[in-house]
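Novice: Quick one: the structure is below, and I'll ask about it shortly.
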Amino acid sequence: MKRVQDTLPPYVKVENGELWLTEDDRENLKISYRIKDVIFSEPSEFQHVMILDSYDFGRMLVLDGVVQTTSIDGHIYNEMISHIPLQLHPAAKKVLIIGGGDCGAAREAAKYPHIEEIHMVEIDEKVVQACKAHLQEVSGNLSDPRVKFIYDDGVAFVREHKNEYDVIIIDSSDPVGPAEALFSRDFYANVRRALKDDGLMVCQSQSPIFHLDILRRTYNNIGELFPHVKVYTATVPTYPGGLWSFTIGSTKPLSFPEQAAIPADTKYVNEGILKQCFELPQFLKTALEKR
Ligand code: SAM
């Protein structure tokens with residue numbers, strides 16, 4: 001009979017009768033989570049897709065051994081990547097999400113009644129199906145008719161669309177594998193062309209602690225393409241380093257409306273968060289001043 005550990009990828013192991021996921025972040029940093037149960041585990045055309053039930057973070061989406069989002073802290077990231085740009089563009093009608101397979105960002109965007117269409121371009125249909133079926137704390141089993149799922153490479157998709165979207169949210173995995181090109185200057189140039197004249201974009205730009213080089217490159221690339229660029233942060237416990245960054249590029253100066261209209265059921269974003277999220281620690285201000 002096959003034992004459970006024989007069918008699992010090597011980063012999920014049974015040790016002393018306990019199941020552990022070890023995320024291999026880098027040579028000198030590995031993060032382990034004790035796992036109650038393997039809910040879903042299948043390779044897709046692009047990556048290995050798992051939904052695990054962990055002791056401290058509840059259910060989590062794991063792609064190629066990297067934790068993407070969890071029941072406990074997924075709302076922090078998903079609210080920050082969606083409500084901040086949607087508050088800065090309070091009249092958005094057409095929104096594009098690139099990546100975002102856990103459906104959390106689309107679920108947050110769908111809370112705005114004035115948004116007419118949300119196009120979600122995710123390369124891997126298996127991630128969406130797994131999260132809708134087994135990670136409803138994050139996906140909410142999203143079935144809003146304004147959300148159109150398009151299974152395609154975000155890089156190719158933006159090349160074909162001009163002057164179409166009010167807000168583009170780039171909710172990508174780390175810059176390895178299929179997501180690598182989502183961090184390139186060419187891609188951001190096409191994102192700019194896919195936006196309407198008064199549109200804005202946001203992307204997750206990695207850890208200011210561990211990936212400052214990627215954050216600086218992203219900030220500089222976006223700053224060369226858009227007249228207005230700004231970084232904001234939030235703390236997401238399951239992302240290495242905790243502190244996480246998001247970068248906005250906009251054709252118009254960035255300011256929140258006098259009267260913020262934040263959906264009633266957010267768990268993280270509120271008016272205070274809008275006021276402080278662009279306040280950066282000194283090391284980060286200094287790093288971003290160097291072009
Ligand atoms: N919140 C997460 C984080 O920062 O770790 C990421 C959210 S989401 C799960 C990232 C998604 O981007 C994945 O489902 C992945 O399949 C998708 N993705 C990666 N490369 C892509 C591409 N080139 N086009 C569209 N989607 C892509």
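Residue 1 is the first one shown; counting continues down the chain.
Placement of Cβ uses the backbone N, Cα and C atoms for every residue, glycine included.
What you are looking at is a predicted structure, and each value in this text was computed from that prediction instead of being measured.
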Novice: Which of D102, D213, D265 shares the spermidine site with D171, S172, S173, D174 per TrEMBL?
Specialist: D102
Novice: Considering the S-methyl-5'-thioadenosine binding residues Q47, D153, G154, P178 given in TrEMBL, which of E15, E18, E122 is annotated for that site as well?
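Specialist: TrEMBL lists Q47, D153, G154, P178 binding S-methyl-5'-thioadenosine, and from E15, E18, E122 it also lists E122.
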Novice: Please report how many Å separate the Cα atom of S172 (spermidine binding site) from that of E122 (S-methyl-5'-thioadenosine binding site), as a whole number.
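Specialist: Distance (Cα to Cα, whole Å): 9 Å.
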Novice: Counting only residues 6+ away in sequence within the same chain, which have a CB under 8 Å from the CB of D174 (spermidine binding site)?
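Specialist: The list for D174 (spermidine binding site) reads V66, Q206, given in order along the sequence.
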Novice: Using all protein chains shown, find which of the binding-site residues Q47, S173 scores highest when you count other CB atoms within 10 A of its CB.
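Specialist: Sorting the candidates by Cβ neighbours within 10 Å, the top entry is S173.
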Novice: Take the C-alpha atoms of D102 (spermidine binding site) and E122 (S-methyl-5'-thioadenosine binding site) and report the distance between them in angstrom, rounded.
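Specialist: Approximately 10 Å lies between the Cα of D102 (spermidine binding site) and that of E122 (S-methyl-5'-thioadenosine binding site).
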Novice: Please determine which of the binding-site residues listed here (G154, P178) has the lowest count of neighbouring CB atoms within 10 Å.
Specialist: P178
